[in-house]
Amino acid sequence: MVRISTSISYLWGMVASLFLMMPAYSADAPVSSPPAPIEARNSVFTAQHPDQFNSWKATSEQSERHDALAEDPYMVILWAGYPFSRDYNKPRGHAYAITDVRETLRTGAPKTAEDGPLPMACWSCKSPDVARLIQQEGEDGYFKGKWARGGPEITNDLGCADCHDTASPDFAQGKPALTLSRPYAERAMEAIGKPFDQASRFGQQSMVCGQCHVEYYFSGKDKAVKFPWDNGTKVEDMEKYYDAISFSDWTNTLSRAPMLKAQHPEYETWSVGIHGKNNVTCIDCHMPKVKNADGKLYTDHKIGNPFDNYGETCTNCHTQDKAAMQAVVAERKTAIHELKLKAEEQLVHAHFEAKAAWDAGATEAEMQPILMDIRHAQWRWDLAVASHGIHMHAPDEGLRMLGTSLSKSAEARTKLVRLLAQKGVTGEVKLPDISTKEKAQQAIGLNMQQIKAEKQDFLNTVVPQWDEQARKAGRLN
């Protein structure tokens with residue numbers, strides 16, 4: 001009995017000691033608060049950062065549209081069966097991000113939020129409303145559904161909250177407060193050993209641009225954005241990744257090859273170029289420090305050609321005059337362009353010759369190695385040309401990729417010659433007239449009159465409804 005009483009007394013003593021050791025909490029103790037809601041309306045920050053806002057707004061001056069398919073009809077054939085064969089304009093100012101994604105024929109003409117050919121993910125590089133929706137709905141929630149679901153929600157052009165933590169004290173005090181507003185971009189940077197929060201100021205500057213100016217694909221049932229960087233960021237690394245998971249963006253309707261469509265891999269190509277290797281960032285060349293009317297320095301947000309601000313960009317490193325530097329860049333651009341056209345010509349022939357082989361009775365087993373050669377050849381071509389500034393960012397890498405594209409196309413065409421001969425086709429496979437965009441689109445069976453009419457009806461009826469819903473909800477600038 002004495003032993004039991006002693007044990008009970010000992011246990012109560014231990015409980016009392018543990019209780020006294022526990023931290024005291026009160027109603028006044030601080031608790032973690034949820035993050036401030038992301039403000040997607042760029043105009044809200046006009047008074048806070050007037051020079052930056054006004055220079056960002058000036059991207060509306062970059063309004064000219066360049067029809068890439070009209071300039072190069074071969075691309076219609078290379079993208080047969082994919083929306084890019086309908087419409088592909090070269091990029092213009094950030095102020096047109098929403099307008100252009102609404103108006104492109106690639107996004108179709110949906111009538112309802114559940115209609116249309118493309119997923120929600122197609123908004124992901126267009127607006128700070130994307131970051132707002134991810135914060136509100138979670139990443140999984142944001143990616144669910146069709147592109148049209150985001151129409152009334154995503155209405156503000158690419159701007160402040162895409163790159164800056166606009167709710168932070170640092171931003172309020174005039175500091176950059178750079179951030180990765182897309183969680184999938186943060187994961188991708190970590191996958192290549194570049195955690196954002198451990199990066200230098202220069203590294204972070206390029207990473208915020210690299211949220212969008214990258215290669216990516218839509219993964220899984222909900223078509224979530226993912227960067228294919230698990231093996232690295234070179235063309236062969238990403239190809240290996242895609243092949244391992246048997247991913248293809250679409251099947252070319254002529255050759256039936258399972259194709260990959262490169263997006264805009266500026267981060268990857270810049271990284272292997274002379275500027276990337278020397279920590280010369282996107283900001284240094286495209287968003288230099290300039291002075292306002294009062295002589296105060298600020299970062300110019302009218303993102304554009306470095307030659308437009310030569311004294312504030314190139315001369316920080318180069319001693320040559322502007323004309324000399326422009327001549328060097330023009331020479332590199334010409335070299336890239338000439339090899340690009342050669343690669344395209346071989347690929348176009350390969351697609352039509354593959355079609356001829358199918359028509360002659362070729363089997364899937366016979367065609368499989370040929371189609372993989374076509375896939376790999378076009379992937380290299382596309383990654384080079386989709387990076388619009390590769391002649392400046394990494395000309396050697398651009399020439400290398402295009403050169404290997406030619407080699408892969410040659411392998412495909414050599415195999416096709418042999419296979420066609422086995423099937424009794426010994427003459428040259430003639431190409432249809434694809435000398436213009438319109439003729440090339442006709443050759444792959446596109447009814448452009450109907451596609452354009454449906455799009456115009458969408459712009460006249462659905463888009464005004466989106467804007468009205470956004471206006472009533474207070475989401476518009």
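Every residue, even glycine, has its Cβ placed from backbone N, Cα and C.
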Quiz item: Looking at Swiss-Prot, which one out of HIS66, HIS164, HIS391, HIS393 binds heme c 4 in the same site as CYS282, CYS285, HIS286?
Solution: HIS393
Quiz prompt | Identity of the heme c 3-site residue among HIS94, HIS337 (reference: CYS209, CYS212, HIS213, source: Swiss-Prot) | solution = HIS94
Practice problem: Return the residue out of HIS275, HIS301, HIS318 that Swiss-Prot annotates for the same heme c 2 site as CYS160, CYS163, HIS164. | Solution: HIS301
Quiz prompt | Those binding-site residues listed as CYS314, CYS317, and which of them has the most Cβ atoms within 10 Å of its own Cβ | solution = CYS314
Self-check item: C-alpha spacing of HIS286 (heme c 4 binding site) relative to HIS301 (heme c 2 binding site), in angstrom
Solution: 8
Self-check item: Check: same-chain CB within 8 A of heme c 2 site center, minus CYS160, CYS163, HIS164, HIS301
Solution: GLN52, TRP56, GLY159, ALA161, ASP162, THR166
Self-check item: For CYS282 (heme c 4 binding site): intrachain residues, at least 6 apart, with Cβ closer than 8 Å
Solution: GLN205, SER206, CYS209, HIS213, GLU266, TRP270
Quiz item: In terms of Cα spacing, which of the binding-site residues TYR216, LYS261, GLN263, CYS317 are within 10 angstroms of CYS122 (heme binding site)?
Solution: none
